[in-house]
Every structure is written in structure tokens, then in C-alpha cells.
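Novice: Before I ask anything, let me first share the structure, which is written out below as C-alpha cells.
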Amino acid sequence: MAVHAHTSDFRVGAWAVVGIAIAFVPIVIAAIPPLADYPNHLARVHILSNLPRVPELAAYYRDVTSAQPNLAFDFVVGLLSRVMPLETAGKAFLALTILAMVGGTYALHRALHARASVWPFLSLLFVYNRLFLWGFVAYLFTLGCALAACAGWVALRGQPVIRLIAATVLATLLYLGHLYAFGVYALCIAGYELTVLWDRRRDLRRALAAAAMAAVQFAPAVYLFLFVSPTSGAAGATEWGPMWRKVAAPLNLLHNYHLAFDAACLALLAAVVLVGLLRRNLTFNRFMAAPLALLSITFLLMPDELFSSYGADKRLPIAIALVAIAASEWRAWSRLTAVALAALFVVRVALIAEVWAQSNGVYSNYLAAIDRVPYGAKLLVVVAHPSQISLPPIPAFEIANLAIVYRRAFVPSLFTFPREAGQAVAFSPDMQNLVKATPYHIVRPDDLTLLNDPDYARRAGPFRPELVSQYDCVLIINGRHLPIPPPDGEPLYEGPDVVLLKVNGVYAEQAS
């Protein structure tokens, strides 16, 4: 039996509520969602919300908020934390990120196809993508908002003045939310208007005037980036990775915790799309062909690292996928296909929820150690990561940053690079030299091999006395994988794979 994708607004709304409620389950279950960069984001908002009235934080950190194009998490969570605990505000932002991705896809689909449909809720399968697990939630939230802004641009095409005013405001907000999401929006508008320009080519003067008006909306954002934001002048790294990574990048749309299963899911969805195209059940709005082409070309040309921001090109596949869903329409599918896709979504969320539930026990151990850090202490952090897998299911890379939230500590691993350009928080001038002298806190396989050399460990290791003497405590995670002994100190906490040592005084004598 065939099921039409387009249906009544009420039924679409009902399906949306059910699907989004299911997607929220992992967020509700986890005390601290196991997203790699998430503790860092919470720490940054805590600093911004409490400077300068907390003297310990004021001694270590500075608020350098300007027009950095990466403020979505800081602004939204900062506002929410005024009426709810910071942890709750952070989880609310994750829920809003899912809402933005799904809602933005639906809004753009509705504007393009002028009817209600359950098809854009296919985006629910992609909300827990690899970027989400890394904690790139400011980008994903702003990306969803960018799709909604594109929907507004399409829907208001008959009201040029209102459209231009609204688009200018929204484009500026998107820029401040996240630079890459703003770029996606700009490419979508450019591609859409190129198609309009082609359709009006017989009246070229009028068509070019309309295209110029469309470009006006980007003027404030471009001005902020070039003349106000410190980002454009930052001396950040730009690097291109191997081309094979781009071939594998689509897997990041579904890569969670079970690689073989995730790859099979991607292959299944690709097969469904292929069958839909062959049977002409799947159609595309022609106005979105150029935006999809521009996004795809940009993905192929984009470096792996831009302005010292890792994974620049890896951010585009999810944008391409959501725009493609919004641009397409499935005329009719079998009930079996609809049930299978719904079941796949439920199973995938259940597998994610299982890992997030397990993270509560793991993180409670780390939080118990953090709770023993003295208030205002300088905390040296060392996290051994012997695996070649870059992102473990329950990452501990940045968990120590919660010592900033709970103990007002100095933690040198807080994200501040490029200095004052990428983030709204910087270290105070008094702490800059210590930050520069401190090795990167994540000790990966190559670093573990180097530490087997006693001379290297003595010169550049994380536990050399002249460095440790400048800290009050040392937090070691997964220390059993380190080929060097921990520093001397008073144990404040010892648990599974985590040790907290008080070293103030012990190493001060050695350093002198």
C-alpha cells in the first residue's frame, strides 16, 4: 500500500512531536552528555557569566567577547543559565540544536514545496551525527537556523523590502552564531538567486538588480568580519587533509558508536534514495540544484583546517544532507518503507541512549575527583589516549574543564585558540607564560611512544618538576597507559582510571 509523504498539518505536527520526543531521550538520560568538547563550552559560559565578580576566575581568565563568529552557544546558554542551572541550560541548548536542524529542514521544505510533508523528518536520522558527538553544537544549531532563514527568503519572494530587511538581520545573526553556518546560508542564497537570474535572463538589467539586492543582506556580516572581528586577522593554521577523507566523510552523517552498523545504515539509506530516483518517486526542486552544487564544490575545495578550526570540510556533509532533504520530495512510498525508516530511527536512538546512560557512571568518577580540587587551584591535566580511534564513545578529553565550573580552577586546556579570535574567553596576561609552557593535555599514541625516551620525558614531558611546581594539583586520566610515573604528591582522589594529586609544596622545593 502506498503512503503519500504529504499530509495534513495536524498529522505532520503529531509525527514531529513523537519523533523529536524520541530524539530527546539521550539528552534527558545523560547527566553530562558525552560530547567531546561539551565541558569546554560549559566552562566558557560559566566564566563569561561570572566575570569579574568571582576573584578566582578574574585572576585566570578574561572576557574578550567581540564579533567572533562563534557565539551561538555562549549567547543562548548564557541567557538560559540566568533562569536555570548551567547544566540544564547546556542540555536545553542540545535539545534546541535538534529542534533547529529538524525544524529548519522542515521550514525550507515547506517553503519550496508549499505543502506539509513528513519527508523532511528524515532529518531526524542525522541529528546525532559525528559533529554532534564531537560537540560542534554551535555550528549545528546555527546551521538549523540558517535553513530556516533560507525558508524565509523563499517564502517572502513577493515582498522584496520586508524580505531584504529580515534577511539582513538574520544573516548578521547567523554570522555571529557560527561562521561556517553563515557560509552555508550564503551559498544557498547565492545558488538560489543564480537560478532566478537564469530564469530572468531576458530582462538582464532587472535580474542583475535583484541579484545585487540579494547580496546587500551580507554587507553587515562582511563588515563585522573584516573590520570588527579579530577572527579575520588571526594567524591560524590552514591545512588540507588527504582526499580519501572526503570520500569517507559522508559516513560521519551516521557514525556513532557501532561502525559496521552505522555504515550499513548509510548504505541502506543510499539504496532507498537510489530506488526512489530510479522509480521517479523522489524529485528535487530545481531552484536548489545550484545551492547543492555550490555546497558540494565547496566541500571538495575546503581545507581540513581553517583559521585553526579543525574539521572545516567535515562540517559540510550534514549541511548538504539537510538541504538535499529539504529540496526533495518523496511522492509516495510503501508502508513497509515508512515503518522500516521509523524503526531504524528508534533503534539508532536506543543505541545512543545506551551509551549515554553508561556515561553517567564513568563521568561520576571524574566528577568525584574534580570535586576534591581546592577552590581556585591551578590544575595540570594529563589525559592518556592510547587508541588510534580519535573519538571514543565516552570521551574524557575535556572533562577537566568542569573544574572551572565547580571549583573555579585554572585549567590550561580551555579552548582559547586562536587567542581572542576564535573564542570569547582568553587567559589573563599573568597566566599566558604558564599556558605556553604546558604541553597539550591529550597524550596520543605518538606522544606515548616519545615518552618512552627518558631524555624526551625529562625535556618535554608533562611531569617535569619545573612545570609541575607551578601547579597546585595534577589530574591524571587513564594514567596506566603512560610510560612514565606520576609526579610525587598527596593523593586527593584515586578512582578507576583517574588520580588527583596535590603537588603544591612538594615540587616547589624540587624546582628551587
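Heads up, the Cβ atoms here are built off N, Cα and C, so glycines get one too.
The transmembrane segment feature in TrEMBL is assigned to 12-32, 92-112, 132-156, 162-195, 207-228, 257-277, 339-357.
Quick one: how deep are these features, and who are their neighbours?
Specialist: Sequence-distant contacts of the transmembrane segment (12-32) (same chain, six or more residues past either end, CB-CB distance under 8 Å): 38-39, 87, 91, 94-95, 98-99, 102, 106, 116-118, 121, 124, 127-128, 345-346, 349, 352-353, 356-357, 359-360, 363-364, 367, 399, 402.
Remote same-chain partners of the transmembrane segment (92-112), defined as residues 6 or more beyond its termini with a Cβ less than 8 Å from a stretch Cβ, comprise 16, 19-20, 23-24, 27, 33, 35, 73, 76-77, 80, 84, 119-121, 123-124, 126-127, 132, 137, 140-148, 150-152, 154-155, 285, 287-288, 322-323, 325-327, 329.
Nonlocal intrachain contacts for the transmembrane segment (257-277), taken as residues 6+ away from its ends with a CB within less than 8 angstroms of a stretch CB, comprise 125, 250-251, 330, 333, 337, 341, 344, 348, 351-352, 355, 393.
Same-chain residues lying 6 or more positions outside the transmembrane segment (339-357) and placing a CB less than 8 Å from one of its CB atoms are 19, 22-23, 25-27, 29-30, 33-34, 122, 124-125, 128, 254, 256-258, 261, 265, 268, 272, 393-394.
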